[in-house]
Amino acid sequence: MTVAKGLEGVVALESQISSIVDGVLTYRGYDIDDLAEHAQFEEVTFLLWKGRLPQKDELDQLKKDLDNHATLPDVVLQQLREYPKDAHPMAVLRTAVSALAMFDQDADKNDPEVNYLKAVKLTAKIPTIITAYARLRKGLEPVSPKAGLGFAGNFLYMLNGEEPTDVAKQALDKALTLHADHELNASTFAARVAAGTLADMYSSITAAIGALKGPLHGGANEAVMKMLGEIDSIELVESYIQGKLDRKEKIMGFGHRVYKNGDPRAKHLKEMSRQLGQQVGNPKWFEMSNKIEHLVVDQKGLKPNVDFYSASVYTYLGIDKDLFTPIFAMSRITGWTAHVMEQYADNRLIRPRAEYTGLTNQSYVPVDQR
Ligand SMILES: CC(=O)SCCNC(=O)CCNC(=O)[C@H](O)C(C)(C)COP(=O)(O)OP(=O)(O)OC[C@H]1O[C@@H](n2cnc3c(N)ncnc32)[C@H](O)[C@@H]1OP(=O)(O)O
Ligand SMILES: O=C([O-])CC(=O)C(=O)O
């Protein structure tokens, strides 16, 4: 057996949802650059789930459905009140999403229409979970979802208790589009492995949230902001980054398993970071990030990935850094659920092999003789 460590280069399944070919990312055949410039996140959601862009009435219906399903079951909201105030929001999200299964009487019904409804429900409720906990831990009451604001707008409204500016809403909407799906990334693979056992969608999404949390995957956006906060001044960027490189430490937000010449999503987030920095009159985080990018490209030839500039974008939107990965999940839920439905539609258990490299020919010795 040959081992592809980390499954690098292994093609594990066929998918019609998104592709990365020669560094170009497409969702259902649409270039991410085109979608990022023109599509609303709800259109992208429909595209991922249904395989085509929605008609106007279909888009309106999806928005209504997302509004209608945004409220949490009372018990789940009550549980959020009881979680420790210093829990990581990804742990909260993972736990609350898992709990939702017990309040959906169809959780274990594996039928395409019911699964579609579960995808809608999960997508609708995740922003409510994130924002309710974000407020509760600060001693504030959760803000109930408000219909008609759009997915990104409603998130910012529930987080801050006031309707967002168009600039903030559009920036978040674009960031959500850029994060919505990404072929067979680690969290999507985790979701598909769980779905491949015919476990229910809530189980698959709980597995995906767990995988996204790690700093080598979605957790990198929070780690980037921690790094920017530690450096805290443009003058200190060079010595900080040089020190890390000399110690052979990773610079978070750089490198990628698939993109070796740059992540096509990063340029959009970079431009958003530049513009938002100017608009809020504090270009520091953008300028520091830009300097880090030049140093890491020059010294290591590594380019920023989607997590690098999203950190300063979310900071400019006034969002706490430990909510960055939950926001990633709030977008990627659309891709995860699309993949779970695709897995169910043509399922085969996902079960690779391992090459055994442990001890052999051991003989049992009773415990009192060891
Ligand atoms: C949404 C996402 O998940 S995007 C990725 C988010 N994760 C990060 O930003 C974390 C930082 N980046 C990394 O850890 C990696 O680049 C990963 C996990 C993204 C990809 O990992 P792999 O494909 O396994 O690449 P691998 O870790 O083997 O890297 C190849 C070489 O580049 C180096 N390298 C890779 N990324 C970095 C980095 N961010 N900083 C410094 N060196 C790096 C490795 O140390 C390795 O060097 P070596 O050959 O001398 O040992
Ligand atoms: O594809 C990957 O390995 C990670 C990534 O960029 C994503 O999930 O968006």
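Every residue, even glycine, has its Cβ placed from backbone N, Cα and C.
Using a 10 Å radius centred on the Cβ of H256 (active site) and all shown protein chains, the other Cβ atoms total 19. A coil conformation is recorded for H256 (active site) in the three-state DSSP classification, outside any helix or strand. Annotated active site per TrEMBL: H256 (among others), in sequence order.
DSSP gives D307 (active site) a helix state. The active site feature in TrEMBL is assigned to D307 (among others).
H256 (active site) and D307 (active site) have their C-alpha atoms 11 Å apart, to the nearest angstrom. Remark: D307 (active site) has G218, A220, N221, A223, V224, M252, G253, F328 as non-local neighbours, by Cβ distance under 8 Å and separation of at least 6 in sequence.
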